[in-house]
Structure formats: structure tokens, C-alpha cells
Amino acid sequence: MKKLAVDIGGLILQNPIMPASGAFGPEMNSVIDFNRLGAVIPKSITLSPRAGNATPRVCETPAGMINSIGIQSKGINYYMENVVPFFAQYQSPLISSLSAESVEEFGQIADIVAKNPNVSALELNISCPNLKGNGLAFGMDADLTYQLVRKVRDVTDKPVITKLSPNVTSIQEIAIAAQEGGSNALTVANTLLAMSIDVETRKPRIGNIMGGLSGPATKPVAIRLIYQVKKVVTIPIIGCGGVMTSDDAIEMILAGATAVQVGTASFIHPHAMVDIVKGIQTYMEHHNISDINELIGSVIID
Amino acid sequence: MKKLAVDIGGLILQNPIMPASGAFGPEMNSVIDFNRLGAVIPKSITLSPRAGNATPRVCETPAGMINSIGIQSKGINYYMENVVPFFAQYQSPLISSLSAESVEEFGQIADIVAKNPNVSALELNISCPNLKGNGLAFGMDADLTYQLVRKVRDVTDKPVITKLSPNVTSIQEIAIAAQEGGSNALTVANTLLAMSIDVETRKPRIGNIMGGLSGPATKPVAIRLIYQVKKVVTIPIIGCGGVMTSDDAIEMILAGATAVQVGTASFIHPHAMVDIVKGIQTYMEHHNISDINELIGSVIID
Amino acid sequence: MKAHQVKILINKQVSDRYYLLKVDISSIEEKIEPGQFFNLRCSDQLYPFLRRPISVYKINRYNQTLEFLYLVKGLGTKKLAQLKEGQILDMFGPLGQGFHLQDEYDTILLLARGVGIATLAALAQKASEDNRKVIGILSARSQNDLLSADYLSDMGVEIHKVTDEEGTSDINSVTYLIEEILQEYHIKALYTCGSKRLSRLMQEVARREQLPGEIALEEHMGCAMGVCFACVCDLNDGSTTKSVRVCVDGPVFPLEQVVIS
Amino acid sequence: MKAHQVKILINKQVSDRYYLLKVDISSIEEKIEPGQFFNLRCSDQLYPFLRRPISVYKINRYNQTLEFLYLVKGLGTKKLAQLKEGQILDMFGPLGQGFHLQDEYDTILLLARGVGIATLAALAQKASEDNRKVIGILSARSQNDLLSADYLSDMGVEIHKVTDEEGTSDINSVTYLIEEILQEYHIKALYTCGSKRLSRLMQEVARREQLPGEIALEEHMGCAMGVCFACVCDLNDGSTTKSVRVCVDGPVFPLEQVVIS
Ligand SMILES: Cc1cc2nc3c(=O)[nH]c(=O)nc-3n(C[C@H](O)[C@H](O)[C@H](O)COP(=O)(O)OP(=O)(O)OC[C@H]3O[C@@H](n4cnc5c(N)ncnc54)[C@H](O)[C@@H]3O)c2cc1C
Ligand SMILES: Cc1cc2nc3c(=O)[nH]c(=O)nc-3n(C[C@H](O)[C@H](O)[C@H](O)COP(=O)(O)OP(=O)(O)OC[C@H]3O[C@@H](n4cnc5c(N)ncnc54)[C@H](O)[C@@H]3O)c2cc1C
Ligand SMILES: Cc1cc2nc3c(=O)[nH]c(=O)nc-3n(C[C@H](O)[C@H](O)[C@H](O)COP(=O)(O)O)c2cc1C
Ligand SMILES: Cc1cc2nc3c(=O)[nH]c(=O)nc-3n(C[C@H](O)[C@H](O)[C@H](O)COP(=O)(O)O)c2cc1C
Ligand code: FES
Ligand code: FES
């Protein structure tokens, strides 16, 4: 048997594959068996209910898609009463993705969510380009990132994962700030800020004008970001961006990721996550690797 | 007849289509008629000869490619004696793309090149991610950008075009710095810093480890950058990144570009630039647009 | 719901702009209802990238075949039209909530425009099989686009065709036509799909005549599984407005509640 | 050089790993030389994205056909292998500098490995047509990969096969084989393609025996038109090293000058 288990800042996952927030939810249980995932992460949740952005909220681009959902959320009460208990029936740990509009609010929501024994870890979505409408995010500023993570760190001992933005000059700086703020792991990364215009109607293809680019088109950027971050932090990295196949996941692990999130791929192949776990096993068999941890960051640089 | 001519900071182009530096050279004259292009821009040139990076220097990714050529250059003397005279035989204006390792050197090379009457404008490549091996570029810092452009401004009255990096937190800041430094136009943008690893060999797919991502995968990011820059500057924008078809070029123009560069597309369809010019004409006929300038920045935002 | 790999039996052009796709569904055990849809992978390429939602058009459980009627519009449907008989199609579904036909709805009026005809045809088929009286108003750009008219007539549906090219599809003409039908028949329920303008008209009729009704909506989709919240629209039950997902909560919704933007 | 749209006459598997592609070149006026290549668009998709360089294998101007022999390796060649007879192939070329066969080279030795066999086969064809004596050492993983051997034998080439599976392809065995051939024939020029290890060996032989020679190189390409500088390698003429482009300055270079990394 191949050892697939990995440790994300104290949280042990049976395998490195988990969904990306916003591309997963309870409804997918009729398509895949959640118990086969390393973890489950439902869509980012906010303190108060939020309406989300104008439709259309998605459009496709070459080898990718842009979304501007905008953290539509039923609020924390609904989440604690319905979503958390729902996922409690599965053995895969629940990582709660949190979104907020201020450092204070991040502290508040983290406090509420982390207290629930069925929540295993928190992911801080400080990088959503859809929140403020102009593509800006907390995760584009190192100081704010530090403060925000520190605030959350103060309210919980559970593993805190900070999800970084790729839309920055130096992701290394933000990664270090998050680590110093007390983050136990980093998700690298969220979507690339992007836009698409229909030349017939001359209108933006999504209601919110700009949105986040995801899918295979973005994988080369994600691989680069993981590689850069791995060099400057000691905490584990969760790779995210453009993974469709087990080879893509392994590429991220070679670049330095300890675990891998799969988002958009599930829209194209609803079964993708489970297939990827299987594919990783096959790869390890072919390459005679007994423990996936041997692969982490093992890209060969001459 | 449809009016296709545009004005790039004082340089009048017969049509908005020109090559992107590094994806064009004298050798292409056996494939397309250079007189049908809005301008010609050969590969970035440096003061002294440069060797370029280790091979492989290109690899493909979903809907795109990564390159790490690294400004291989025969130096300024060869350029002035061979390349400039070669392009002088065509009526399309020659824009010289310049690369250098310091602000001083940018001033020096700009001085030499701009003095030549056959050079119509300068493009400052302050955004090549392949120069220093770590993906860093002058164009990632607003102050440096300002100084660099100012230095070049001081040595010439010819139109100066600054080519920006997409790998920044705020391209608006850099765009404003370039405008204040005296740039007459902006190219938005260069390649996205990226990486790809072969999971069989576990090695990076290009010799230089990281490189620049170009091609259709990146177009949604380029469109967003153009849209953002257009809002904050008054000088014209040359869109660049992922254009394959005339619809792509028109998308950039709608987002705010006055002209459009075509790079990687020529590798796939050597005839791409000429086809795009034709396609733009057809589009204008279909949509009853008599002057391409009507289209610039005319995306409809509800 | 599941991604099924089904065999293509027919994929042919049936008018200027429409194709008919027929697949073998012997491997699909789930019940498939009128109003439901499948999310089709139009090619195995990365561009088109997303799947495309297409309603079920004809369901034949006896022969184990399912038909789709689709408009060739953009990249996805263009690629779909290139698939050949014998090839395998990857289709995810059946998805969403279908139409509701209460027992007492013995006479129903359908108002469909464009591709909406495909969606309502499945409902007409089911209603006709139950021996209900179905009156259908079909609206399209041109006669050429009204390809299901004969098929529906043959199953006993009373068809009224209106087209842009003949100048019979404007809102006034359709309003007048509906008035006539309401006078002639005792319509028990209204169903519509394919046009915002006509849907608003149907909402008015429903309100005025106090008739129940349903509408099948279209919205751009990401996951088609209810997890991404791309495909939302608003329902208003008179007091509160709530956001619902077309892919799982719909695509069929109560006519009177849908907030048409 | 130009992007030609040519008709595929044959595209079939000829061994475990190799395919043969035959196209109609009646629309191509340019001269096509052994050692030159075309840059093939393996599919009309965006992934594979780049074209793939493939050497000309058999040129038949009488029948206006051109053949390629290619190894199915990764995404591009996998897609290429899916193209069907009758379909149109977009191929850009002919590209690069071919081999030089001086008149006095009446007896030549070719050393080819793997896909390099395809490249040298075109040269062997031309040399044989000129009634030169051609001796070819073909190296491959297995006998199954040595598919051109019979074709070359039939045209009069003296073939020596060495394979990994039989343990005859190691550098010592090949060195020994070359010695024997050099003793038996008065070889006037050497040609090689397909293996760095064997190319170094040929360079040694050329130096020692003072023989002229040529090598066809492979390098990853971007533009294949000489503008992007992706495909560079170094030439050293004894005094200076210069960077050359495989796509336009090559792929065929003087054997002794190539710096094999
Ligand atoms: C529940 C449902 C049922 C449908 N049933 C049918 C049917 O039976 N027959 C039929 O012809 N069409 C139907 N449609 C519309 C069909 O999905 C679109 O015409 C199709 O997605 C267009 O794809 P394209 O690539 O040709 O066009 P493009 O315009 O290139 O598509 C670009 C993107 O926009 C999306 N998009 C464009 N138009 C629509 C639309 N009207 N609804 C949803 N997404 C859209 C596409 O899915 C794609 O993601 C249905 C839509 C929905 C939501
Ligand atoms: C001048 C020239 C002539 C060639 N002639 C032949 C021939 O006649 N028959 C044949 O089977 N092969 C030939 N090759 C090699 C052939 O180009 C590669 O095997 C092919 O590009 C691999 O593509 P792929 O998608 O199958 O593999 P992948 O490994 O998936 O390709 C990924 C990328 O790497 C490039 N690449 C991979 N291997 C090579 C290589 N050896 N040379 C150049 N680029 C490579 C591809 O073009 C592509 O861009 C030749 C190469 C060159 C440069
Ligand atoms: C429709 C959609 C909604 C998303 N919503 C969220 C979200 O709520 N919170 C978040 O952190 N990321 C969100 N993301 C980003 C994904 O979690 C992920 O970072 C991104 O899609 C890149 O991964 P992928 O290429 O595998 O999809 C969303 C992505 C998509 C496509
Ligand atoms: C092979 C290659 C070499 C390049 N070299 C240069 C260069 O020398 N100078 C420069 O400013 N940009 C260079 N670029 C970037 C292009 O000019 C262009 O900005 C980028 O490729 C995006 O456009 P595209 O998607 O149309 O290719 C190069 C790009 C490629 C693909
Ligand atoms: S398409 Fe994702 S929720 Fe409906
Ligand atoms: S491939 Fe571009 S120079 Fe050779």
C-alpha cells in the first residue's frame, strides 16, 4: 500500500486531494463519495448573508473560465446549523473557508466557526477578487495579511490556512507575512483577476465586469507561485489552480505543495477528485514511490 | 473604405496590428508582407551581445506556451548595421524594442538607437521576466519605472512606448509612473511569470526553470490589465497577450487598446497578423464602423 | 446525476440553425422528466471548456432513446454539431426539477420561443400521452426555426405559429392570440420558456386569470450541480425575495414567483 | 516556406510506436530536400498548442507525395495519429537546411538512432538514387522500432541493425561496428541523427579519420522561422563559438562543429 497521508499544519489528511472552495458543496455527494477526499471545503462563508454579483457570473475562456460569484452566502447561522452538521457525517475533515470585509470581522467569524468541534481547520480567503468589485483583496498587502492572520490566530488553536492571491508583485512577501502572523499552512493560490468582452454585444461577458480566472490556463502560474513560496516558508502549501488530472496534482506536489485543491475540474468532470486520487496511486506505483511525502518539492533542478 | 489608422503617441500606424517583440524578425518576410503591418518590432536588443538562457527555451501549456529565451542578442552594433537597414526597406515604421540591465544602460542604448532616422519609436522592455533568472523586472517597481522612462525621455523626442509587466499588484501604479516619466504610450503587457514541470523526469520543462507565459490562456488577464490601465492614463495603450484572431484584437480595442501586438499566434499561424488585419476590416463592415478609433475603449458597461 | 457515456445514434441538421441529437440511454437508470436537462461535453478539448446545458426534447423509454434539439449558436454547440453517429457523448444528468402536471390540468397552454420550443416539446409529449388538451404557441425568427410544429401537431397539440419574419410575433399579436385561446378553451395551467418578453406576458396573464403556471429558465452555468451559485435567479413569493439556482432548484419554477430581470 | 493545407493520403500505424503519414504535395511548389522538415499542426485545438517539427522521410515528386515517419510520443503526436485519410493537414514548410552530398562522396556512412532513422532515410534515398554506396547503422530500442530497415535495404543500402533489446547498441559495440565498416569501405562522409551519445562517437570518428560529416539536430521549437531563438545550439569552428538556430541555420550542421551538450 502506498502512503498517501499528508500533514497540513497539524491536520492529517488521508490523501492530498481536496476541493477548492466555491467549487464544492453538499450537493456533490450524489456524484462522489466524500469519504474518499483528503478534506472537504465548502464555499467561503461570511458573517451576514450576502447576495453575490450580477449574472452572468461565469464565462469560459481558452482552457479556463472566469467567475464573479462574489461570495454569495447564507450567513454564518445557516452555515453552523446546516452545512457543518451535514459534513459531520463524513470522516474527511471539514475545513471552513471564511470571508470577511475587515480584519475585525475575520476575527469574529473565525471565533464562531472554530469553536465548533466538527470544524477541523479554517481557510482564510483573503484573496477573493470578487468581493469589492474592483479586484482588490486583503491578500495583496503584506501588513494587512499579517494583522488578519494574527487576529484569527488569537481566537483559535485550530490549524489556520491562508489562501493567497496570485495578483501580487511578490507572493513571497505575503506568504512570509502569513507565516509570521501564525498561519499553519498556505493555499497557493486563488484566481487570477481577469476580464472578457463579447465583441458582438461589446459587453463584458460577466455581470461584474472583472472576475477570477481558473482552470488549466492558469496552472503554469500556480506552479510558479508554489515553487516561489516553497523557497521562503516552512509551513506546508496547498496547491490550487488549474488541476484537471493526477499529473497536474503531482506537478504541484513536485513544485512544493503538500496537498492539492481541485476546483473548476469538477465542473467539467464531476468525478475528477476521486479520479485524481486514483491516478496519484498509479503514478506512485509506476515510479516506485512508497510515501507521497517523498515527492513534495522534489522537482529536480540541475 | 474603413479607416484603420491609429495614433500611438505621435506615431501614425496605417492599421493597429503589429508584432510583439521576440515573436518577429526579418526571416518572416518570406511568409507575410511587412508592408501590411501597422509597425514592425524586432526582438529586444541589448547594448552588448548576450547569450540567452539554457535550452529547452520553450514549452507548451494548455492554450499557451512558456518561453525563457532570455534576450539573446547580437548587441547594438549588429542591430544598427543589419537589422535597422533591413527594415528600412519597408514602409511600416520600425519600433525598436530595447532591453538593458540598468537605468543608465537604458539611457545609453536609447540614445544610440533613437538617433537613427530609420527608427520611428522605442519600446522599453522593462518587463522581461527572463533577464535576471528570478523573474524580477524593472517594471515591477513604480519608482524605477519612472526613473527609467525619464532617462530615456531625456535622450530622445521620438515616441517612447513602455512595455509593462503583468506580474504586479497594481499595474495602474506602474502605468502612471511611466506616463509621468514621459512615456508616449504603454504596451500592456508582457508575459505572465510561469513554470511547468515534467512529472516523468521531474525536471522543469524549460532550462531556465521559470519563464514567461503567452498565448490565448493569458488573454483574459491582458484584457483586464488594459481595462484597468485605460481608466488611469491618457496616453494610448498597445494591447498584448494572447491575441490569435481579429475578434481577440477587437476585444482588446474595446477594452481600451489603440493598437494590438500579436506574438505567439504567429508561431501557430505564421500568417496570423495579416489575417487579423483583414478580420478587423470585416468586423467593421459588419458593424458599420467607419473609423477604428470609434471602437477604442468602447466596451459597454451597464 | 452522473456523467454518462452514451452512444450517439443521430446528430443531424434539421433546419438552418438547428440540430437534432439522438442518443442511446439504455445505460441510464434514473427517471428523466420533461423540463430536466443534461450538461453536455461538446468536445474533449479545453476550448470550449465548460459543458453546455440542453433540455431533454423527446424521451423514449421503450426504445431507450433520448433526443435533444439544439440551436447552433457559439463554440460549444458548433463542436457538438460536429460529433458523428457512433461516437460517444459524455453527458451529465439528468439534472434539475422538471415540470409539474397536476391531474386537474386537463387543458394547458404552452408559449415557447426559439430553443424554448425544445424544452416545452417534452412537456407537450407527456401531456398528450396523458390525453390532455395541449395548445401551443410557438414563436421564432422564421418558419424555418419552427421545426417541432409538425411533430407536435401530429401528437395532437393545437399549434399556433408566430414569426418575426411574418410580423406575427410581436407582443400585441401574441397577447391577442392568447386572449382568443383563453376564450375558446378552459385553460388550467400555463407553461413558458425561451423569451423574457413573452414570460412577462405570461406572468401578466397568469395574474389576471388567476392561473397556475411554470416557467423554464436559462442561465449561464458553471457546475450544474448546485455548488457554484453561477446560475442564480430571484424568486419572490409576494413577501420575500430569495435567490435560487436554476440548475438544481430549477430550471422549472412557479411562473408567478420568478423575478424576470 | 508557407503554411500548406494538404490532403492526408495515409496515416497508419506501422509498428508499436511509429506511424507513417503520407500527404499530397501537388500544391507545394518549393523544392523539398532530405534533412528539411515541416512544422505540423497536429490538431486544430489550443492544446496541443505548438506545431510539431517532423523531418521529411520519403519525397516522391513523381507521384507528388511526401511521407513522414513519426514516433507517437506525447500529446502532439498522439493527436497527429488520430488524423484520418482524406482530412486536411496544415503543415508549415519546407523548413531549414538539408543535407549536403558532395559529388565526391561516393560512399557514405549513416548512423541513426530512433526517430533519426526517418531523417536519414530521406538522405539514403537521395544518395541511392545517385548510385552512391550507402552503409547505414540503425539503432533502436527494439527490432520493432527498426521499421525502415527493409525499405532502405530494398533501395540498396547496406543495413546494420543494433538494438537495446539484443544488447548490440551499446557504444562499444557500435564503435567496433564502425571500425569494421571503415576497414571494409572507403567511407567519404559521415551522417548522423537521433542520439547525442552516438553523435559524440561520430564526431570522434570524423576527427580521427579526418572525414567530413553532417548531423541533423533536434531542439524544441517555437516559431520554426528563425525569429524566436528557442531552438539554439552552439557551433565551434575551432576558434570561436557561435549560437545558431536549428530551425533555419539547421537542422543539418557540420558534424565537427556542433557542440553537443
Ligand atoms: C436548463 C437549460 C436548458 C437549455 N436547453 C436548450 C435546448 O434544449 N436547446 C438549445 O438549443 N439550447 C438550450 N439551452 C441554451 C444552451 O445552453 C445555450 O444555447 C448554449 O449553452 C450555447 O452554447 P454555445 O457554445 O453555442 O454559445 P456561446 O454563446 O459561445 O456560449 C458561451 C457560454 O455561455 C453559455 N450560454 C450561452 N447562452 C446560454 C443560454 N441561453 N443559457 C445558458 N448558458 C448559455 C454557454 O453555456 C457557454 O458557457 C438551455 C439552457 C439551459 C440553462
Ligand atoms: C528538425 C526536427 C525533425 C524531426 N523529425 C522527426 C521525425 O521525422 N520523426 C519523429 O518521430 N520525430 C521527429 N522529431 C522529433 C519530434 O518533433 C518530437 O518527437 C515531437 O515534437 C514530440 O511531440 P509530442 O507532442 O509527441 O511530445 P511532447 O513531449 O508532449 O512534446 C512537448 C513539446 O516538446 C517538443 N519536443 C519534444 N520532443 C522533441 C524533440 N525531440 N525535438 C523537438 N521538439 C520536441 C514538442 O514539439 C512539444 O512542443 C524532429 C524534431 C526536429 C526538431
Ligand atoms: C465558481 C467559483 C467560485 C469560487 N468561489 C470561491 C470562494 O468562495 N472562496 C475561495 O476561496 N475561492 C473561490 N474560488 C476559487 C477556487 O477556490 C480556486 O482557488 C480557483 O478556482 C482555482 O482553482 P481551479 O483552477 O482548480 O478552479 C471559486 C472558483 C470558482 C470557479
Ligand atoms: C519566444 C518569445 C520571445 C519573446 N521575447 C521578447 C522580447 O525579446 N522582448 C519583449 O519585450 N517581449 C518578448 N516576448 C513577449 C512578447 O512580446 C509578448 O509580450 C508576449 O508573448 C504576449 O503576447 P502573445 O500572447 O501574443 O505572444 C517574447 C515572447 C515569446 C513567446
Ligand atoms: S451552475 Fe453551479 S450552482 Fe448552478
Ligand atoms: S524555433 Fe524560433 S528560431 Fe528556431
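Just so you know, glycine gets a Cβ as well, placed from its N, Cα and C.
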Exercise. Have a look through A:Asn125, A:Asn288, A:Asn293 and flag the one TrEMBL assigns to the substrate site that A:Lys43, A:Asn67, A:Ser68, A:Ile69, A:Gly70, A:Ile71, A:Asn190, A:Thr191 belong to.
Key: A:Asn125
Quiz item: Which of A:Ser21, A:Ser102, A:Ser290 shares the FMN site with A:Lys43, A:Ser44, A:Asn125, A:Lys163, A:Gly215, A:Gly241, A:Gly242, A:Gly263, A:Thr264 per TrEMBL?
Solution: A:Ser21
Quiz item: Quick one: which of these binding-site residues, A:Ser68, A:Gly70, A:Thr191, have their CA within 10 A of A:Gly241 (FMN binding site)?
Solution: A:Thr191
Self-check item: Among A:Lys43, A:Ser44, A:Asn125, A:Gly241 (the binding-site residues), residues with Cβ under 8 Å to chain C, listed in sequence order
Solution: A:Lys43
Quiz item: Around A:Gly241 (FMN binding site), how many other C-beta atoms are within 10 angstroms of its C-beta?
Solution: 32
Exercise. List the Cα distance (Å, whole number) between A:Gly70 (substrate binding site) and A:Ser21 (FMN binding site).
Key: 12
Exercise. Report, in whole Å, the straight Cα-to-Cα distance of A:Thr191 (substrate binding site) from A:Ser21 (FMN binding site).
Key: 11
Quiz item: Once the chains shown are all counted, how many other Cβ atoms turn up within 10 Å of the Cβ of A:Ser68 (substrate binding site)?
Solution: 29
Exercise. Consider the recorded positions A:Lys43, A:Ser68, A:Cys128 and say which one has the Cα lying nearest the Cα of A:Lys163 (FMN binding site).
Key: A:Cys128
Exercise. Write out the long-range same-chain contacts of A:Ser44 (FMN binding site), meaning residues 6 or more apart in sequence whose Cβ is under 8 Å from its Cβ.
Key: A:Ser21, A:Gly22, A:Ile71, A:Ser73, A:Ser97, A:Leu98, A:Ser99, A:Asn125, A:Cys128
Quiz item: For the binding-site residues listed here, A:Lys43, A:Lys163, which shows the highest count of neighbouring CB atoms within 10 A?
Solution: A:Lys163
